[in-house]
Amino acid sequence: MLDMTGVTSFYGSSPVLQNVSLSVPRGAVLSVLGRNGVGKTTLMRTIMGLTDRATGGIGLDGRDIQAEPTHRRAELGIAYVPQGRGIIGRFTIRENILMGSFARPDGKRAIPPLVFELFPYLGENLNRRGGDLSGGQQQQLAIARALAANPSVLLLDEPTEGIQPNIVEQIQNIIVALNREHGLTIVLVEQNVRFVRRASQRFLMLDKGRVAAHGDTALLSDELVHRHMTV
Amino acid sequence: MDILLSQLFTGLSIGSVLLLVALGLAIIYGAMGVINLAHGEFVMLGAYATWLLQSTLGLSLLPCLFLVFLMVAAAGWAVERTVVRFLYRRPLDTILATWGVGIMLQQAVRLAAGADLRYVETPNPLSGSIDLAGVAIPSYRLFVLAFAAALLGVTWFVVQRTEFGMKLRAVTQNREMASCTGIDSARVFSLTFAFGSGLAGLAGALVAPIKSVAPDMGTNFVVDAFMVVVVGGVGSLFGTVASSGLLGGGTAGFAFLLNDTLAKALVFLGVIVLVRFRPQGLFAATGRR
Ligand SMILES: Nc1ncnc2c1ncn2[C@@H]1O[C@H](COP(=O)(O)OP(=O)(O)OP(=O)(O)O)[C@@H](O)[C@H]1O
Ligand SMILES: [Mg+2]
């Protein structure tokens, strides 16, 4: 579904991500792990085409998208929930969600019913400003916006970071449901190893911008976690 | 009393043309942070386009307006595509480049149309005046005021109520996130630049019958329009409107009491004092981002 082969990605002239290859089969969840600053966010931004420059190949459904600009990648079915959530503060909840639908190639502009089902709070407060929401609500909104694009691949960058514990579990359940019940292919950046083991079939461990280990989640041993994730 | 009313009216019509110029400038600056020093030349192009259409095709002003909008918008689009878009991350270079573009446009028009002043006729049905509470108000000035108000309404509608406007607001607030939702920000910028230029062109068409048309006529407009944007505050449509009225009225008022030059100087002084104490302008957009 989504593949990278030998991708090196730059900010300015420094190669933050080096020679990264990965492959996410359709309907799978790939978790990306690693310490702070190893390049997890950069990996997501590289898939979206947001770094200054990238070499190597990025393919979606067998089609090379490396030369496509960011907005085309979105139209081709990749939706991104960034680490800072990227909510438009002066937009209402409705506008923030509808904005996601601009990526729909069929031109349909509507909030999908699934959004109301998963996030009743958003549905009941469509006219509140995005900037006035709590962190957890903004995270829900960012996921809702991504879903409005009717994507085939969802990129989630630390979706539970900085969120109250009682809401964390709710968001985790929604991520699992999006994958298992709604068939979304997901790339998930996540520090919580227990959740990685629960949600994903594949993992990719980054260290200093390179792939340190990858494979089936069953192979994600405590020893690996210890070696590449403890500070 | 009568003189006051007629002065007030002159102030309003000056203000309304100023509003059209400033509106384009403010939209372009607000959306992409580009200080477009060639903006006055788009006013000039609008005036010349009107003159050209009138002298070659014999079109009267009113049917010209739509064509002038399209012509100047196309010119703006071309400038954005060929120059401005390469400079989005370099504000200082944009200022210099647009200044250069402005000079080139001025010289090109001087070469093509000659340096003589050109005149555009007031359309016949609007050449008389209307009696308002005992004061004769030129109908053309009334028309300018109404037309500017209508364009303001159209602009508000485009920005706040259309899909294009929503894309524009999204790109303005978070360009990266906007492109991640499928918005082609380069295209949004080109069209916005074209729209702002088109508005300036319309302002040029509207003043053509009131003022003489000359290659360097844009310079004054761009200075005044900048003052409007600075006083009104960036990112506030209402601020742009209010400060156009304020500056138009102020200029007309002082000019009535003193003389034109002194009026300009006083208004300028007022703007400097205001910017000293309220650098964000009178009505800067507030709120969390
Ligand atoms: N816009 C940027 N310009 C230059 N360097 C950057 C930029 N963004 C990130 N970097 C650098 O790239 C490296 C990787 O950053 P990245 O944000 O991808 O890490 P991360 O794994 O997501 O970290 P965290 O767990 O803290 O989110 C860091 O050294 C960072 O300083
Ligand atoms: Mg990160």
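First residue shown is number 1, and so on along the chain.
Every residue gets a Cβ built from N, Cα and C, even glycine.
If you check TrEMBL, you get these features:
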type     : residues  : note
TRANSMEM : B:12-37   : transmembrane segment
TRANSMEM : B:57-79   : transmembrane segment
TRANSMEM : B:142-159 : transmembrane segment
TRANSMEM : B:188-209 : transmembrane segment
TRANSMEM : B:221-242 : transmembrane segment
TRANSMEM : B:254-275 : transmembrane segment
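Looking at B:12-37, B:188-209, B:254-275, the range that has the most CB pairs within less than 8 A of the transmembrane segment (B:57-79) turns out to be B:188-209. The transmembrane segment (B:254-275) shares more Cβ pairs under 8 Å with B:221-242 than with any other stretch in the list B:12-37, B:142-159, B:221-242. Proximity of distant same-chain residues to the transmembrane segment (B:142-159), defined by a Cβ-Cβ separation under 8 Å and at least 6 residues beyond the stretch ends, is recorded for 12-13, 16-17, 19-20, 23, 27, 65, 126, 130, 165, 168-169, 195, 199, 202, 206, 210, 237, 241.
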